[in-house]
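If you check Swiss-Prot, you get these features:
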type     : residues : note
COMPBIAS : 186-203  : compositional bias 'Polar residues'
CARBOHYD : N126     : N-linked glycosylation site
CARBOHYD : N142     : N-linked glycosylation site
CARBOHYD : N168     : N-linked glycosylation site
CARBOHYD : N193     : N-linked glycosylation site
REGION   : 186-223  : region 'Disordered'
SIGNAL   : 1-19     : signal peptide
Amino acid sequence: MKTLGVLFIAAWFIACTHSFPGAHDEDSKEERKNVDTVLVLPSIERDQMMAATFDFPSLSFEDSDEGSNWNWNTLLRPNFLDGWYQTLQSAISAHMKKVREQMAGILSRIPEQGVVNWNKIPEGANTTSTTKIIDGHVVTINETTYTDGSDDYSTLIRVRVIDVRPQNETILTTVSSEADSDVTTLPTLIGKNETSTQSSRSVESVEDFDNEIPKNQGDVLTA
């Protein structure tokens, strides 16, 4: 340990002695006057690096397109993925731009009044009526189709009304004084006759028979 201490002190003295300026001769001064002065300026990145070592570090992780300034962010985060990220970002931006152009082209072909003109019902109409008997009911299907338009766009409105009625029915119409008609539908039965028969025994005889205790029934007790 003593040897190391002595060596350290000796090295320190040598360094201090070497750091002090020495005496300059007059000849050396004259030679230096004849030599042209060359000014060497440090690069911008070196200045930024030296300034960043003494300034407060920037903790922002946002990417800037102005320039690649050196800061603590570039020191802590490697830049080997920046090229891949910029390529992916540019590809996504180009794809979104293409989609916007396609949507703008599609929307530009739609007329100002819209695809369907709701203020006007098409004049041309095709009406069909179909009647079927299903499970004892008469089913009538009335379908009306309105079509209008051109080769670019067209309007189609289809109205279907389904009417279901019993197969056998009677319609009675009553017209009131106010010219309003009320329709009353009463179902009728065809081919069925209801007949009532009177029982040969009266109610009193049936009740007496129900309350009578049979003589033949009884409990048999055996010892």
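Note: Cβ is positioned from N, Cα and C throughout, glycine not excepted.
Keep in mind that this is a model prediction, so the values were computed, not measured.
N126 (N-linked glycosylation site) sits 11 Å from N142 (N-linked glycosylation site), taking the CA atoms of both as reference points. In three-state terms derived from DSSP, N168 (N-linked glycosylation site) belongs to neither a helical nor a strand segment and is classed as coil.
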